[in-house]
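Features of the protein shown, as given by TrEMBL:
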DOMAIN    47-306  domain 'G-protein coupled receptors family 1 profile'
TRANSMEM  34-61  transmembrane segment
TRANSMEM  73-95  transmembrane segment
TRANSMEM  107-128  transmembrane segment
TRANSMEM  149-171  transmembrane segment
TRANSMEM  191-216  transmembrane segment
TRANSMEM  255-276  transmembrane segment
TRANSMEM  288-308  transmembrane segment
Amino acid sequence: LKMNSSLVGNQSGRPFCLLAVSYLETINFCLLEVVIIVFLMVLIISGNIIVIFVFHCAPLLNRHTTSYYFIQTMAYADLLVGVSCLVPSLSLLHYPIVLSESLVCQIFGYVVSVLKSVSMASLACISIDRYIAITKPLTYNTLVTPWRLRICILIIWLYSCLVFLPSFHWGKPGYHGDVFQWCANSWNTDPYFTLFIVVMLYAPAAFIVCFTYFNIFRICQQHTKEINERRVRFSSQDGEAGEAQPCPDKRYAMVLFRITSVFYILWLPYIIYFLLESSNVYSNRIASFLTTWLAISNSFCNCVIYSLSNSV
């Protein structure tokens, strides 16, 4: 039925529009889809350019913590996500593309999936970095060195590229490129490939983030309690009232935790839909479009959260 309806739409001369609510007879392109994608593209590109510019021009920010290596990696990956959004924008505006629609759709889906995988893996590495900093503060500088961080970032990029490489023959990867008609009608998800992605990427990253931040906040709470008890004990001997002092690492951990939480909140609807569609339980083009671009909007949310949380 979906295939027939799309063919009828093509015969009538109308463009392939997923959100046909705002379709106008006088406009020969998908108005609502173009507005959403172009709006997100402008926000993502401008926001991440500003973040990258600040990183290169603010020495205090660069020396604040080694996590900035991974945050910079996320900023570059998010910037590339915004640039890659030019492809569906040009497609919706019927700009002539040299390659076939099927190949463009697969390449675009692969690239976006790899870039978001880099962001997800970077968040997991950031949580590991903060975990080591709190659990092993004396040996942290010897364990976490700049060249080791660069090797870790290189591994993240290579691993992300390899995980989604089978998508060209196995099935639709993390992105549902339904702005392309071939993606919507001919490129289906495969339950085994979905399970492969979950096992190799989603589940390990989520487990690492939950484990590390749970222990980080538990340790910070324990340190805060011990410091306050000692402060109260010594202040009572001196006759002065002691004030509660929070763990110094907890504030920065909260910033990174907010970024991680927003990432998974925005990606959770898409992951749920991805699993439902792969298992043939539920399939809806509008849900596919909305959940996908909600997840992609995270590339701009990272800029907002990190900027508002750091006075530097």
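One-based numbering along the chain as shown.
Cβ from N, Cα, C; glycine included.
TrEMBL: automatically predicted annotations, no manual curation.
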Calculate the per-residue pLDDT averaged over the domain 'G-protein coupled receptors family 1 profile' (47-306) and state the result as an integer. 79
Kindly say whether the transmembrane segment (288-308) and the transmembrane segment (149-171) touch, using the definition of 3 or more Cβ pairs under 8 Å where each pair is 6 or more positions apart. no
